Structure formats: structure tokens, C-alpha cells
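Okay, structure first, notes after.
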Ligand SMILES: CC(=O)N[C@H]1[C@@H](O[C@@H]2[C@H](O)[C@H](O)[C@@H](O)[C@H](O)[C@H]2O)O[C@H](CO)[C@@H](O)[C@@H]1O
Ligand SMILES: [Zn+2]
């Protein structure tokens, strides 16, 4: 077996753009530190709206193909070299927003069989052997069917990958040590939107989003981990800009096709939902972790 990098991080997302919005600074930081960063994206975003008028003709599989090129450019900006489509490119299609007839398309991710889709991810988990998995909370951050399904598939695959009797043809069983959900502490979101309010009339966006429009906003007490990606601000902004069909960036703000301004977070927040916290300043400190690999033996940066 070839020598694997000491630290291996797996992220599971629904569409091209989610990874940069939610975890761009984290991905850039760990890639820069020499960790292996693997992204699995579950759809190609074939049902997305398109911002630039000159690209408005792109729909369906043509849009999906274009968004895959946007994803490749975003990964280049973040220094991430391992990025994959769940089950292969185009295997699961974008399901559209919750409640739309699109959700009933048999080709869409929302209609995928959970265990079949999870088995596709088990193969990646047993190959990459990540110590850390990052995905969405059960609501997918904001209730989009592909986000909800990405959560379900990621959590199910983490369980199945650890079972030696499950599909040995997919590789040797592997247990992921720590699992995190993407979160934003409410106090941080409120403070950022207060700053946005002061400058909104200087921005090209007609209105501001609301705090609760931000996926994964929760009470501060649920936050276990803060990853400071301030040093990677330019990389995150470049990655978000690469998703030009979906995102407009006017640093340190951005807007999706709904034209509602929202903040770019350079400290990215997480809730540890499986595994033990590695405490910064010792167990008594109660301070949030500052490293997703904290407390995992053999993964300190020095040993990477
Ligand atoms: C960030 C994200 O998950 N984007 C999804 C989402 O796109 C939104 C959707 O088109 C909505 O109608 C717009 O108002 C909003 O501005 C968009 O961000 O859903 C798309 C369709 O499933 C998906 O392709 C896109 O990646
Ligand atoms: Zn998405």
C-alpha cells in the first residue's frame, strides 16, 4: 500500500460551489499544510440558476458540465487536487429546490437509493482512509433536498465503511475518527450582517440576505471548532469567483443568483458530532478546537 499523507480530510457536498462557500478557507489551509483534502460532490448542479447573461443559455447537462469546469478552477484556487463526483460524473442529477416537481425526477439525487449512494461513497472512504469527515447537518444547512441527501449519504457511508462485512469488494473497512457538520454561530452571523448593513448601499447588490438565510446558523453553544482561514482569504474569494454561474463576489461579501448580499466567512465553524474533542488549552479550558485533527494520534502537523 502506498504511503498516505499523515492527515486526510474528506468533505461531502451537494453542488459545485457549496465547498467554497462553506469550507474554502479550511480546504486551502489544510492543503497548504500538506494534508490530503478530498472533495466528493454529489451532483453537478444541473438545475442551478445562471447569473452571467452570456451564460444564461446553459441548462441541464450543459450547465452541469460547465459547473464542473468551475469546480476544477475553484479547486485549483484552493490547492486541492482530489475532487470527485459521487458515483462518477453525472451519476446523480441536481434535484432542484425543495418542493419543485424536479424533486421527482428519477435521475435526481433526492430519488437516489440511500444505501446504493452510500456504497459509492464507501469506496472513496476505504481508498482515502480519512481521519476527518465534514458534511452538512440533517437539514442540509437550509433544507435543499440535495444537501439533506448529502448529509444522509455521508453519515450512512461513514457507518457502512467501518463494517468489515459490508461489501469487502469495496476495500478494507475504515473507521472515520471525527465527523463534523458545517455551522455558523449566530453571534458571528449577526455581527457580520450588522457590518454589511453599514456598507450595503456601496455594493452592487440590491438587498441583504438575513441571518437565517445563512446555512447552518445555530446558537453559539453548539460550535465546537473554529478553523481560522484568514490567511487564505484570497484563495477562498478566488474559489468562490470561479463559480461564476452561481456566485458574485465583492470582497468580503458575496451574493448568489438571488442577489442578496451576505458575508464571506474566513473563520469557518463546525460542530463535532462524532469523536472526541481535542481541547485547545487542555480539557478544562472549554475553548473551541482550532484544528479538525485535534486529538487524533499520529496526525499532528509535524507528523504529516
Ligand atoms: C448554494 C446552493 O446550494 N445553491 C444551489 C441552489 O441554488 C439556489 C436556487 O437556484 C435558488 O432558486 C436561488 O434563489 C438561489 O440564489 C440559488 O443559490 O439550488 C440549485 C438548484 O438545485 C443548485 O444548482 C445550486 O447549486
Ligand atoms: Zn448546494
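In case you wondered, yes, glycine gets a Cβ from its N, Cα and C as well.
Per TrEMBL, the features are:
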BINDING   15, 18, 147  Zn(2+) binding site
Ask   = Including all protein chains shown, what's the count of other C-beta atoms within 10 A of the C-beta of residue 18 (Zn(2+) binding site)?
value = 28
Remark   = DSSP says residue 18 (Zn(2+) binding site), in three-state terms, is helix
Inquiry  = Around the Zn(2+) site formed by 15, 18, 147, list the extra residues of the same chain whose Cβ is within 8 Å of the site's Cβ centroid.
reply    = 13, 14, 17, 42, 43, 45, 136, 140, 141, 144, 146, 150
Ask   = CB neighbours of residue 15 (Zn(2+) binding site) within 10 A?
value = 27
